[in-house]
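Per TrEMBL, the features are as follows:
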- 1-34: region 'Disordered' (REGION)
- 13-34: compositional bias 'Acidic residues' (COMPBIAS)
- 78-97: transmembrane segment (TRANSMEM)
- 133-150: transmembrane segment (TRANSMEM)
- 170-192: transmembrane segment (TRANSMEM)
- 204-224: transmembrane segment (TRANSMEM)
- 249-271: transmembrane segment (TRANSMEM)
- 283-306: transmembrane segment (TRANSMEM)
- 359-381: transmembrane segment (TRANSMEM)
Amino acid sequence: MAARRRRRRAAPEEDGEEEEEEEEEEEGSDQEPDLIERLDDLDLRNDSDVPDVPPSIDSTPEILRRALSGLSARWKNWWIRGILTLAMISVFFLIIYMGSFMLMLLVLSIQVKCFHEIITIGYRVYHSYDLPWFRSLSWYFLLCVNYFFYGETVADYFGTFVQRREQLQFLIRYHRFISFALYLAGFCMFVLSLVKKHYRLQFYMFAWTHVTLLITVTQSHLVIQNLFEGMIWESVNCKLRQKEEHGRFLVPISSVICNDIAAYIFGFFFGRTPLIKLSPKKTWEGFIGGGISTVVFGFIFSYFLAQHQYFVCPVEYKSETNRFVTECEPLELFQMKKYSVPLLLRSVLGWETVNMYPFQMHSIALSTFASLIGPFGGFFASGFKRAFKIKDFADTIPGHGGIMDRFDCQYLMATFVHVYITSFIRGPNPSKLLKQLLVLQPEQQLNVYNTLKSHLVEKGILQPSLRG
């Protein structure tokens, strides 16, 4: 560099100021390697120095441990997983029986637990750095994001109820501004908590918290949105929106559960060919067997659900009775229709026509996603756990790991169900529009009425008034 500097000085000077700027840039480039080295020394330690997450503890109940003590580890795990799976399915159906509100509380509880498990991994890995306010700020941001999303839900679905409560009108009217102000407070606290020598690590953890919020809170909010469309949509893997969108809860969730169980069974008994390196125990036999079983299950399960209003009607809140109700007149999506059997299948089945619900066709799409793409949520979680050298997110459920271990595929499915309904099923929403009209001032309501009346008269739907 010194030689280049001397050659530049020997060259004819066209502009003295330009040469000085170039020399300053040269000097700055000389200092860059030293600066980077100093920052590396002051900042994050090598990955090899980062402490591993402590191994999870076996939380199997003592009564089960004694009863299965004579079995091999493979079969012991089989029975533990099977018994706990049946117990969880029983509890799930009990909560379904208790109604939509209990399902919402269940979704919220699962969200909080999943967030806790992921944040705890970060805390255990980096706790030796003694970062200030990490856990406190993480939970504060969780509170802020939930306040924003659930506040939007309250304003959207319970607008009539809120308008009757004067003390709530301020919170709903300025909900987004309040949410943003709360987030800004947390953002400023994070900036004030920055500690010299740990800047990079603190920003890593800041990103960790926000990605965790994206995975847990956003997806659980979509699950709640699906639930308002009707329980049936969430069961596949799976508001007062539109009655065509009923039942978005049971079919999606049940499809993912079915896929997990069927893939495990087929892999346990027939698995020979490894599927993916991220998860060595996953096999092609389990993947294919689980996929076929899930599609068949979703088709049959949706047939039974579509016959009951409790599952196909959207969840509505009746302000007169302060209760959630699921009553409606099922639309065409949940009414039996006759379909012609394709020519290729007529010779096999011996049928020319078949009676089925249109929703069963949608269940095939949902079940296919649950069996083909849904498992990639599990692969993603496996890669995450391998990065931190842990087997499970937690030891909450014996034989299964943490809550996040059971719901890694559900979050991906919830997003797909929401996008699927928005893209292929949902239409204009008269109920939501009517709620917004009822909130307007009387003059605004009259203006909307006159405009709509003129439009209907022009289309010939209404007869013009004879007065005047």
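Every residue gets a Cβ built from N, Cα and C, even glycine.
Quick caveat, the model's predicted, so the values are computed rather than measured.
Per-stretch counts of Cβ pairs under 8 Å to the transmembrane segment (359-381) identify 249-271 as the leading one among 78-97, 170-192, 204-224, 249-271.
The transmembrane segment (249-271) and the transmembrane segment (170-192) are not in contact, since fewer than 3 Cβ pairs between them lie under 8 Å (pairs 6 or more apart in sequence). For the transmembrane segment (170-192), the residues of the chain that approach it from at least six positions outside its boundaries are 133, 137, 140-141, 143-145, 147-148, 151-152, 154-155, 159, 162, 202, 206, judged by C-beta separation under 8 angstroms.
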